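Straight from TrEMBL, the features:
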- 40-153: domain 'PurM-like N-terminal' (DOMAIN)
- D42, D87, D238: Mg(2+) 3 binding site (BINDING)
- D42, S56, D87: Mg(2+) 4 binding site (BINDING)
- T57, D58, D135: Mg(2+) 1 binding site (BINDING)
- D58, D87: Mg(2+) 2 binding site (BINDING)
- H65, E291, W343: substrate binding site (BINDING)
- Y117, G134, D135, R161, S240: ATP binding site (BINDING)
- 166-324: domain 'PurM-like C-terminal' (DOMAIN)
- D241: Mg(2+) 5 binding site (BINDING)
Amino acid sequence: MLKDKGEQRTSLASLGEFGLIDHLTANLKCTQPSTVKGIGDDAAVLDFKSKKIVVSTDLLVEGVHFDLSYMPLKHLGYKAIVVNLSDIYAMNATATQVTVSIAVSNRFPLEALEELYKGIQMAAEVYKVDVVGGDTTSSTKGLLISVTAIGEVEEENITYRNGAKENDLLVVTGDVGGAFLGLKVLQREKSVFEVNPNNQPDLDMYTYIIERQLKPEARKDISKLLHDLDVKPTSMIDISDGLSSEIMHLCKQSKVGCNLYEDKIPLDPQVISTCEEFNIDSTMVALSGGEDYELLFTVRQEDFPKIKANPNFSIIGHITEAREGIHLVTRANTKIPLKAQGWNAMDEQE
Ligand code: ADP
Ligand code: MG
């Protein structure tokens with residue numbers, strides 16, 4: 001039925017709803033022991049024995065959460081899964097299943113949805129989660145994707161946002177700020193292209209930050225790593241809106257304060273050089289950028305020796321009493337109250 005990739009535009013109407021679902025889901029395979037029944041009946045059936053179940057949902061809307069002019073559909077499918085799995089990992093749980101629901105206008109041919117599902121399938125394989133269901137419907141305009149992720153965890157390992165205690169250390173995985181700057185570069189290239197379509201962008205010097213934006217990865221590895229190090233985080237959250245707002249969430253819910261040290265915030269060299277190029281402050285980007293999908297967590301002081309030399313972790317601050325407030329301690333050693341601004345706030349400042 002489908003030949004000449006890129007040329008062919010098979011209309012969705014020609015397949016019908018059930019033909020479309022069958023076609024898109026044909027290659028998805030279930031491998032999780034907890035999946036009893038996947039796609040094909042009125043509902044999926046799961047069996048988690050004695051484990052606790054964690055569930056999280058995200059809704060992505062074209063024009064609000066993604067722009068298809070620089071986001072290839074395959075990447076979008078991959079990212080839609082990854083951002084949900086990140087929430088499951090932030091509970092210190094193992095992701096096991098997802099459901100994927102789409103609303104799509106007739107502007108999209110079947111070939112576009114095939115690309116989307118290639119990305120979804122790739123993420124499902126990389127993160128070892130089963131796609132066990134979803135829903136497919138039409139929209140008058142644009143594309144909507146909703147993913148629900150399901151995970152399992154032993155009750156004693158569940159990590160909430162509200163467990164941080166005074167004197168705990170504040171730790172972040174990987175580095176931050178890259179995804180936001182990747183978006184800035186892509187937006188700039190888009191506007192250059194609109195003025196001069198013959199202009200071939202040279203993006204070699206931005207590969208890391210563009211990848212952080214277009215193909216983010218969730219920290220599936222951290223739960224196991226912490227377990228192997230015999231460290232149980234006291235609180236945890238994933239970084240979707242920016243370091244600043246996630247720190248505020250942890251502190252508010254745990255009823256504590258915090259000192260964050262500017263010089264400890266982990267930045268990739270490409271983040272630093274691109275900030276210089278765009279003439280923006282790298283700390284600002286790290287605090288308000290968002291979409292890094294790293295994990296932010298707190299550990300007890302006595303666990304310091306277990307994590308201090310680990311390249312996956314940066315200790316960026318410590319928890320204080322609530323009445324001391326939430327502060328950034330700058331390189332110049334002044335204390336500035338943190339503000340909970342997400343990356344939208346940052347766009348407004350420009
Ligand atoms: P119902 O009419 O009961 O909602 P559907 O015909 O919509 O059932 O779905 C049939 C099966 O296909 C179900 O198992 C459903 O979960 C699955 N499914 C439907 N749409 C999608 C999708 N976009 N991605 C994955 N699975 C889907
Ligand atoms: Mg349905």
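Backbone N, Cα and C atoms are what each Cβ position is placed from, and that goes for glycine too.
Annotations in TrEMBL come from automatic prediction, not curation.
Taking the features listed in TrEMBL, we show where each one sits on the structure.
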residue : record                 : DSSP class
S56     : Mg(2+) 4 binding site  : strand
H65     : substrate binding site : coil
D87     : Mg(2+) 3 binding site  : helix
G134    : ATP binding site       : strand
R161    : ATP binding site       : coil
D238    : Mg(2+) 3 binding site  : strand
E291    : substrate binding site : coil
Neighbour tally for D87 (Mg(2+) 3 binding site), based on other Cβ positions within 10 Å of its Cβ: 22
DSSP three-state assignment for D42 (Mg(2+) 3 binding site): coil
Binding-site residues: S56, D58, G134 - member with fewest neighbouring CB atoms within 10 Å: D58
Integer Cα-Cα distance in angstrom, T57 (Mg(2+) 1 binding site) to D87 (Mg(2+) 3 binding site): 9
Length of the line joining the Cα atoms of S240 (ATP binding site) and D87 (Mg(2+) 3 binding site), in Å: 9
Close-lying binding-site residues around ligand 2 among D42, Y117, G134, D135, where CB distance stays under 6 Å: D135
Lowest local Cβ density (other Cβ within 10 Å) among binding-site residues: D42, D135, E291: D42
Binding-site residues near ligand 1 among T57, Y117, D241 (Cβ under 6 Å): none
Number of other Cβ atoms within 10 Å of the Cβ of S240 (ATP binding site) across all protein chains: 21
Between S56 (Mg(2+) 4 binding site) and the residue listed as 'Mg(2+) 5 binding site', the C-alpha gap once rounded to whole angstrom: 16
Overall pLDDT for the domain 'PurM-like N-terminal' (40-153), taken as the rounded mean: 97
For D238 (Mg(2+) 3 binding site), the one of H65, Y117, G134, D135, E291 that lies nearest, given that the binding-site residues are compared by Cα: E291
CB contacts for T57 (Mg(2+) 1 binding site) [other CB atoms within 10 A, all chains]: 12
Coarse DSSP state, helix versus strand versus coil, of Y117 (ATP binding site): helix
